[in-house]
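Engineer: First the structure, then my questions, so here it is.
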Amino acid sequence: MSKLWGNYYRWVILFVGFLCLTSICSNYIIINFTFICMKNDMTNAVADSNGTLHSIYDYSSGEKKWILWAVALGTMIGTLPINVLYVKFGARFPFLLAGLASVVSTALIPWAAGFNYWLLILLRFVQGLAYSADFAAIGLITVRWAPLTETATFIAIMTSFTGISSTATNSVTGVICESSFGWKWSYYLHAAVGTFLFFLWYVIYIDHPQDTKRVSCKELSKIEKSKSAAHLDKSTDVPYRKLLTSPVIWCVWLNAFFEMSAVIVCSTYMPIYFHEVLGFGVTETGFWVALVLFIWLPVRWVSAIMSDKIKFVGERTKMLIFNTIAVGGTGAFFAIIGFIPAENKYWSVAAFTMTMCCVGVNSGGFYKCGVLHARQYAHVVIAAIQWTKCVALFSAPAMVALFVTTESVRTQWIGVYLVFGGLMQITNLLSYCIFTDKPAEWTNTDEKPVSKA
């Protein structure tokens, strides 16, 4: 068997890791779509003072806010402990535990939603704790298994989990919601698939390529090419103080934060915007949201390959070009969405699509800058990007709550898109002054040119 995959085992690791990342993300975003279906479920409906029956699953805007924020809180609290576990134990067992926590909490959500609102919040918090493991896993898999010449490709594929999970989950959940099974079965199906995928993770993943006979000598040589002894050292300590005071790393995080804010608004509120503002039906909403979140994926993969393979342009210049598209371009398209009249709903779909396509280029921008500058500590940088995403999980709903009181009124959404769009333009301009492709001095890395091979 090792002869069959020994020269390509890094791609097996990448594929299984990607599927597990997708599973954890899918589990926490199911509710974004089922909000639409749950309010029509009159099982155990309650009567108000006028005798009118209301679904117990018809949550107010305030209740929805806390349901969304519970995940953000769990992710913020979990990011640092899970990163410490990854540094100490590797990714195999911490990520497995995160996956199992995600699976169990997801399977219990339909019961909790009907039993007690605060129990639902608790399970959402557990989903957030599990989700905090995703980006640190991306960083560690990239550091351990990706050759330097395939950095952007690894990052692009693994960070595609958000788009893939949204596409798959919205499509499947839209069909299940309108079937005889009902919305609850979307949670049960996702939990079952997640259980299988994390079994594969346990069987397939190895923390260090040099520790397994599944990896051929040729494969190992390719993975380790141009990496320093400090990069390959298993016992190296993370220089947290130097990392946390690096202007380059802070610029990476700032670009990530505002772009992540746009992604959170899209993934969380696009189904609501399409249904309430643009007037698409439930099935149509599922289709268009899935299409928008799928189209950008080929852009992501192609741009990553271009970032890794183009050699006639300097690495820093490539970073700035890719970051301008990923952050500046995203901000430009994002800012105009709210100004498009509801009757031109397909133009709105196009604007959302272009926004996500621009996001797809980020693996060659701030992500690559973080990896090449932090080298063997890149998993810490990428885990912190996860933390910025947690903050975005708070800031995006807060911004929506600030501007939007009635979800069906298009003009109330203008402020949300305009503020985030403008901030992305500012942070992109900062990158021109700060971004570098050079390793930081605290990596203790004698700089080696990244081979073109």
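Glycine residues also receive a Cβ, built from the backbone N, Cα and C atoms like all the rest.
Owing to the predicted nature of the structure, the values given are computational and were not obtained by experimental measurement.
As annotated in TrEMBL:
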type	residues	note
TRANSMEM	12-36	transmembrane segment
DOMAIN	12-453	domain 'Major facilitator superfamily (MFS) profile'
TRANSMEM	66-86	transmembrane segment
TRANSMEM	93-111	transmembrane segment
TRANSMEM	117-141	transmembrane segment
TRANSMEM	153-173	transmembrane segment
TRANSMEM	185-204	transmembrane segment
TRANSMEM	248-272	transmembrane segment
TRANSMEM	278-299	transmembrane segment
TRANSMEM	320-340	transmembrane segment
TRANSMEM	346-367	transmembrane segment
TRANSMEM	379-402	transmembrane segment
TRANSMEM	414-435	transmembrane segment
Engineer: With CB pairs under 8 Å as the measure, which of the listed stretches 12-36, 185-204, 248-272, 278-299 comes out on top against the transmembrane segment (93-111)?
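Structural biologist: Out of the listed stretches, 185-204 contacts the transmembrane segment (93-111) most.
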Engineer: Can you find at least 3 Cβ pairs under 8 Å between the transmembrane segment (379-402) and the transmembrane segment (248-272), where each pair is 6 or more residues apart in sequence?
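Structural biologist: Contact between the transmembrane segment (379-402) and the transmembrane segment (248-272): present.
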Engineer: Count the CB pairs under 8 A between the transmembrane segment (248-272) and each of 12-36, 153-173, 185-204, 320-340, 414-435, then give me the winner.
Structural biologist: 414-435
Engineer: May I ask for the residues of the chain that lie six or more residues beyond the transmembrane segment (278-299) and have a Cβ under 8 Å from a Cβ within it?
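Structural biologist: Sequence-distant neighbours of the transmembrane segment (278-299): 33, 36-37, 160, 163-164, 166-168, 170-171, 173-175, 177-178, 266-267, 270-271, 342, 345, 348-349, 352-353, 356-357, 359-361.
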Engineer: Averaged over the domain 'Major facilitator superfamily (MFS) profile' (12-453), what pLDDT does the predicted model reach?
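Structural biologist: Averaged over the domain 'Major facilitator superfamily (MFS) profile' (12-453), per-residue pLDDT gives 85.
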